[in-house]
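*Asks:* Take this structure first; my questions come after.
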Amino acid sequence: MFYPDPFDVIIIGGGHAGTEAAMAAARMGQQTLLLTHNIDTLGQMSCNPAIGGIGKGHLVKEVDALGGLMAKAIDQAGIQFRILNASKGPAVRATRAQADRVRYRQAVRTALENQPNLMIFQQAVEDLIVENDRVVGAVTQMGLKFRAKAVVLTVGTFLDGKIHIGLDNYSGGRAGDPPSIPLSRRLRELPLRVGRLKTGTPPRIDARTIDFSVLAQQHGDNPMPVFSFMGNASLHPQQVPCYITHTNEKTHDVIRSNLDRSPMYAGVIEGVGPRYCPSIEDKVMRFADRNQHQIFLEPEGLTSNEIYPNGISTSLPFDVQMQIVRSMQGMENAKIVRPGYAIEYDFFDPRDLKPTLESKFIQGLFFAGQINGTTGYEEAAAQGLLAGLNAARLSADKEGWAPARSQAYLGVLVDDLCTLGTKEPYRMFTSRAEYRLMLREDNADLRLTEIGRELGLVDDERWARFNEKLENIERERQRLKSTWVTPSAEAAAEVNAHLTAPLSREASGEDLLRRPEMTYEKLTTLTPFAPALTDEQAAEQVEIQVKYEGYIARQQDEIEKQLRNENTLLPATLDYRQISGLSNEVIAKLNDHKPASIGQASRISGVTPAAISILLVWLKKQGMLRRSA
């Protein structure tokens, strides 16, 4: 039977991608249905109890700038906050928070259940309704059919998921959850390229069986960082430390002597694992010269006894896992409460997607999260928001939107996936972005909130706060530009005391702030330039904008040059065999990838600058050289 009411957008899956997709579509006023196999696991942290990190924290800030959920949820659930790379430049600084799993899940569920235009329904999805190459609905395991104008697939590791512990394996979406086998079979019937990937998780340890007294502590930062541009530290619950232990030669001997029982090394697992989050087996074999690896013991919550040992993800048999755990300092008597495991799952080639994350072959069908070959909560959340907003726009007969590489890490992520694809689980790093000085955590709202408002993602409260911040920045910069001190002035001695070289000429507040030894905090304690802004976010922006003004201007020039290529469009139906002068390799790659623009084409491996020049000349001769607005 059909459900009596139609929907504009259906989201299948309630993980980090699905919850952001559902919230985005509903915020934009579209009637949205979130289908999940279990309402109690909405927003579940399936692996590590943490949000953020290098590159990942940038994505969380961007999701937040567009009105998303993740940053607000972690501000309510974070039990340790730190700024990584704090001693480095602002482009690579990143926020990371340890999470209380239960609080995080509760924060997500509360937000979903209180979001207008959003309905949640508990049933696993087994089929899609596709008519004339357009998706028009979904079918649940009990045969209930839902109609919609757009469907977003955010199914994580559930598609034909297979869990491995040693040489034993069984079907599962993650530990304790069934896989989605009928939906996997249905998707394999569609004209989509499919592959297998693998990820893993470590065993969880009973905190009562660890001797923390012999371990080094790692505390959070004080003052505590905040993730959301709308948040403040008063939202954070009690803060707790993490602990550090290490593997040793005994640990490594245990692993090496049991590799024949590893499903990965025995050839049982076909899927490719994440390069930047390898299993402990991989680390020991790939870095054979290392006699130890650092392991972080991370609490899973304020009311939980479970400890997440970050760094020993494994699919070795349980008896070997026990030996590994007990070989480390402080863990000699440790007890495992959940075994580690690896999981294999289906993913679909993201090169078959438009930058909006809509399928090129099935109209109205969007993909987000691990189904696209990514790994990580943050990457999933960012894709979910993008897919959700574009599903909402499609259902309202509006054009899709995707950020450029120069606008957001989300733009880098989507362009990498849709242009290059991936053969291993993709994770975000700041090194993937060409314009990372422009794409900082601190200015995510300045880059994206106005766009979010135009798209209908940003509410009145966030918009008012954003405009107030803009006004504070502009007003303070004008004040510092127009406040001067001369070498002969009475205040000069006070100023000179904070400078490595005394004033030799008249200087404005901005002139002084450009000096490497001067900070905004220090400057605004000096008589001519007091008082400081009480808006800490605006104050941070003032300092960064002034200190890095020259570098930012140069990078902006580079972006404008690159935009000419990004905006030069390539016809979707173009057969590159008709263009003389291109090599067979280039023709094959262009016909395979079908890039949307000259910029995309230039990033495909093997497509040379000479080939790009030939393309541009051919387009001009054919009268097909056109640029997007």
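Heads up, residue numbers simply count up from 1 along the chain you see.
For all residues, glycine too, the Cβ spot is worked out from N, Cα and C.
Reproduced below are the annotations present in Swiss-Prot:
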BINDING   GLY13, GLY14, GLY15, HIS16, ALA17, GLY18, VAL125, SER180, GLN370  FAD binding site
BINDING   273-287  NAD(+) binding site
*Asks:* Going by Cα-Cα distance, pick out whichever of the binding-site residues GLY273, LYS283, MET285 is nearest to VAL125 (FAD binding site).
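*Replies:* Nearest in space to VAL125 (FAD binding site), counting only the binding-site residues, is GLY273.
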*Asks:* Looking at the binding-site residues GLY13, ALA17, GLN370, which has the shortest Cα distance to LYS283 (NAD(+) binding site)?
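*Replies:* Looking at Cα distances from LYS283 (NAD(+) binding site), the smallest one goes to GLN370.
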*Asks:* Which is it, of VAL125, GLY273, ARG275: the one of these binding-site residues whose Cβ has the most other Cβ atoms within 10 Å?
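*Replies:* In terms of Cβ crowding, the pick is VAL125.
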*Asks:* According to DSSP, which of helix, strand or coil covers ARG275 (NAD(+) binding site)?
*Replies:* coil
*Asks:* Can you tell me the CA-to-CA distance separating GLY13 (FAD binding site) and SER279 (NAD(+) binding site), as a whole number of Å?
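*Replies:* Roughly 27 Å, rounded to the nearest whole number.
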*Asks:* Nearest to CYS277 (NAD(+) binding site) by Cα distance: which of the binding-site residues GLY15, ALA17, GLN370 is it?
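*Replies:* If we rank GLY15, ALA17, GLN370 by Cα distance to CYS277 (NAD(+) binding site), first place goes to GLN370.
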*Asks:* Between the binding-site residues GLY15, ALA17, GLN370, which lies closest to ARG275 (NAD(+) binding site), Cα to Cα?
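*Replies:* Given the candidates GLY15, ALA17, GLN370, the nearest one is GLN370.
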*Asks:* I'm trying to understand the geometry here, so how far is the Cα atom of MET285 (NAD(+) binding site) from the Cα atom of GLN370 (FAD binding site), in Å to the nearest whole number?
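*Replies:* Checking the Cα atoms of MET285 (NAD(+) binding site) and GLN370 (FAD binding site) gives a distance of 27 Å.
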*Asks:* For GLY273 (NAD(+) binding site) and ALA17 (FAD binding site), determine the Cα separation and express it in whole Å.
*Replies:* 20
*Asks:* Tell me, how many other CB atoms lie within 10 A of the CB of GLN370 (FAD binding site), whichever protein chain they belong to?
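*Replies:* I count 30 other Cβ atoms within 10 Å of it.
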